[in-house]
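Student: From TrEMBL, here are the annotated features:
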type   : residues : note
DOMAIN : 1-58     : domain 'Fibronectin type-III'
DOMAIN : 64-159   : domain 'Fibronectin type-III'
DOMAIN : 163-252  : domain 'Ig-like'
DOMAIN : 259-353  : domain 'Fibronectin type-III'
DOMAIN : 359-454  : domain 'Fibronectin type-III'
DOMAIN : 460-557  : domain 'Fibronectin type-III'
DOMAIN : 561-646  : domain 'Ig-like'
DOMAIN : 657-751  : domain 'Fibronectin type-III'
DOMAIN : 757-817  : domain 'Fibronectin type-III'
């Protein structure tokens, strides 16, 4: 019951244990409790609690404090912080107790003062180098709770911290000349870092304008009355034993530009305008030049007149001048921060300084041909402006009008090949020069020339050689001269000299007696050695002589035959049927060898054209057929020996007819055809076979297969009872060969087989010389109606059966036994 009530409230009637849990009580209220025992007879007396019990949670010591951390360490102190316990034991924390233990000792010692409720404490008066561990406990009215987990061992020594740097300025700073600027920031680090300022990697020092202020936590660089030279990359370095940090700022001290660089150059001067140019300022003031301001002044007046203020080029046209007046030009440079001091030019008079070019000197004419000539001249004075073109003119000597030789510009060369002259006409030429002012006067006319090819003596003949000799003659051969001197070669003069003599003798007296590039020198003496030389002759005269390289001994010579094969005499030559077969070779040998062509060791076909010349031989067969293929041989022989070469000729043609065409498995609607490949495939692989059929009553052949590569075919879809013929041809890449046909027509019917044996043969009656027989029809008739039954008999013990007769019915009487 509640202490202020008299009524008891039952809690439980069925408790059998010696304890019970009472629920549903109100916190803070006071209660009395009583208990009685009960058995079968009844309930005994109650026992009551002696004093009231107030309902509240039980109070215990607090839990252990949490998150004990070391915040700072020096050589003689340690600063620690912690958080309160998760549960205070049901009563407020009254104080914290911090304990320490020297590593190596067993006991913890209290280090905090009485009644400390702060959760941060600095332990001082420690010995440098000692190592401690710490723990902290919480206390409430019940007592001191469990200690926290110990810290890691802490050694007393000064703490190290790498530098930090916090800057108040950006990467770039723009300052007007004369203004002050400062770079500030904050820093930290243990031990205290050293602060260094640099500009463009050079250490800055204080002077009248540069001020450096550094406190334990802040840094500052100040520059008073900045100048352009203060522009640069500034760097602050904060450094201690643990590391360094850097901060950068690109400071640009800007100003108006310096004046443009002179002198002012007068590039062009005319009576009414000038073109001037200058160079940009040495110093653009730290900002790009936005424009130049150009002004002009007549020297007789004090007034400067604007020309333009909107140009960024370093050149300008100054217009609207009065001819003969002297002018000065003034130029300013401008950027975002102002206008420079001016650059003033010298005085310049407005008048034309340029004119058209002078006339060139008389041109010279070279390399005249029947339709062209080369005109050459020297460059004249250009009138102060570069020459941009030359004008070349021509006229016939008797004419009065000059004509330009080309509309295209002629520059920068001082020569030109004039085309399209008329052969035999006499011409003069002249040249004018042109610049941007205009065209100058023409040169004096050239000396007259006739348009015709020049004639000169020819160059010597090329590669003279002795190609043959006998006991009294030498055959010479050469090639025409490289240059005929622009005149037809009339012929050649041949001279010879006996070795040891000084005199050269003429082998022919006139050049026209040897118009060819060969000559036989006769009348020589056997056994002597001679030198030879050849000259070419045209209308202008004789060329220099060309000598045969080596002296030649005059005697009959023997050289064994030699064959130089053409490409068509390779080991195997393929030619398409109907085309022309050509076999040829160059032949050498002294005396010239006898030439023999053979095919398969026999005479070649009469249709072959064989040609033999002094240097080789050629065999030609037109409209080749397959039979023209085979092994061809060329034999050359003379007294010094013989030589033979062979070439296999394959005439590529349509294949021959297939062989051994057979028909089998004839049915009422199909039959099976087989054949063998042709003996002759035409020199090319058989690509396919063409199979055709024909009703004997029809004249038309019908293709039933045209792409089969096999040597067999099943002919389907036949009409039962119809007679057919079949034919097959082979094809290769050169066409279709002849057909081979079946020898006789094939009738489309199912095949006939012999009937089966009669069944149930037995005798019906027997006499002394005859037997009556009977039997049943066989199971199968073989595909046709049974026409009769053959009856045979055999005497017991004999080997042979004797035919009696064929009967149409299923019985028979055998007689004569």
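Placement of Cβ uses the backbone N, Cα and C atoms for every residue, glycine included.
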Student: When DSSP states are grouped into helix, strand and coil, how many residues of the domain 'Fibronectin type-III' (64-159) land in each?
Tutor: 0 helix, 42 strand, 54 coil
Student: In the domain 'Ig-like' (561-646), how many residues does DSSP call helix, how many strand, and how many coil?
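Tutor: Summed by class, the stretch gives 6 helix, 53 strand, 27 coil.
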Student: Looking only at the domain 'Fibronectin type-III' (359-454), what is the mean pLDDT?
Tutor: 92
Student: DSSP says what for the domain 'Fibronectin type-III' (657-751): how many helix, strand, coil residues?
Tutor: 0 helix, 47 strand, 48 coil
